[in-house]
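Scroll down for the structure; my scribbles are underneath it.
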Amino acid sequence: MPSMFPSPATGGDDINRRPLNEPNADATTIPTALKVVFWMLFATAAFMIFTGLVMYTAGYTGPDDVDESYKAVVVNNQEFIGGINAFAGIVIAALTSQLPKGGKNPRRLLLAIMLLVLLTDLLSFATRAGGFALAIIAVLLALEALLMFRPAVNDHIDRNHMARVMNREK
């Protein structure tokens, strides 16, 4: 029976604290969280590439009664943000393919790129340099960054990293 008083200590009968994966799973088992984040990252990368290309090629879509220099600045900002999103989407897709078998460095690099894109997209959305899709991309990247560091994923990547280190020493 669960305790009436909350405690940070885990009990065997607490359904909220049961591990989702077996703690002593073999090295060939890919955790469910890693599978989910893998496909989410690919979908987000494809969305980023699409959004980046749309922003890069859209041109000025605002009111026509503004100065030409203002239009040029807006188009320049849209092209810059679109180029960053398209390029980052390609890099994220390439690094995502390293996650299931990968070590710690591809995941760290992927996290750094995701955070840079997240900040860029949030600032662009807040300053109205881009549309609502940039906010969606930022939220998805934040969620994926959290899922990428779940305990089951950490254990899997630690096993892969240690296997690589041990094979290098032989």
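In case you wondered, yes, glycine gets a Cβ from its N, Cα and C as well.
According to TrEMBL, the feature region 'Disordered' maps to 1-23.
Here TrEMBL flags 36-60 (among others) as transmembrane segment. Note on the transmembrane segment (36-60): residues 71, 74-75, 78-79, 81-90, 92-93, 96, 99-100, 110, 117, 130-131, 133-134, 136-137, 140-141, 143-144, 147-148, 153 of its chain, located 6 or more positions outside it, place their CB under 8 angstroms from a CB of the stretch.
Annotation source TrEMBL lists transmembrane segment at 80-97 (among others). Counting only same-chain residues 6+ beyond the ends of the transmembrane segment (80-97), those with a CB under 8 A from a CB of the stretch are 38, 41-42, 44-49, 51-58, 106, 109-110, 113-114, 116-117, 120-121, 124, 129-130, 134, 137.
Marked as transmembrane segment by TrEMBL: 109-126 (among others). Distant neighbours of the transmembrane segment (109-126): 41, 48, 77, 81, 84-85, 88, 91-92, 95-96, 98-99, 132, 134-135, 137-138, 141-142, 144-145, 148; these residues of the same chain sit at least 6 beyond its ends, with a Cβ under 8 Å from one of its Cβ atoms.
Summarising the annotation, TrEMBL assigns transmembrane segment to 132-149 (among others).
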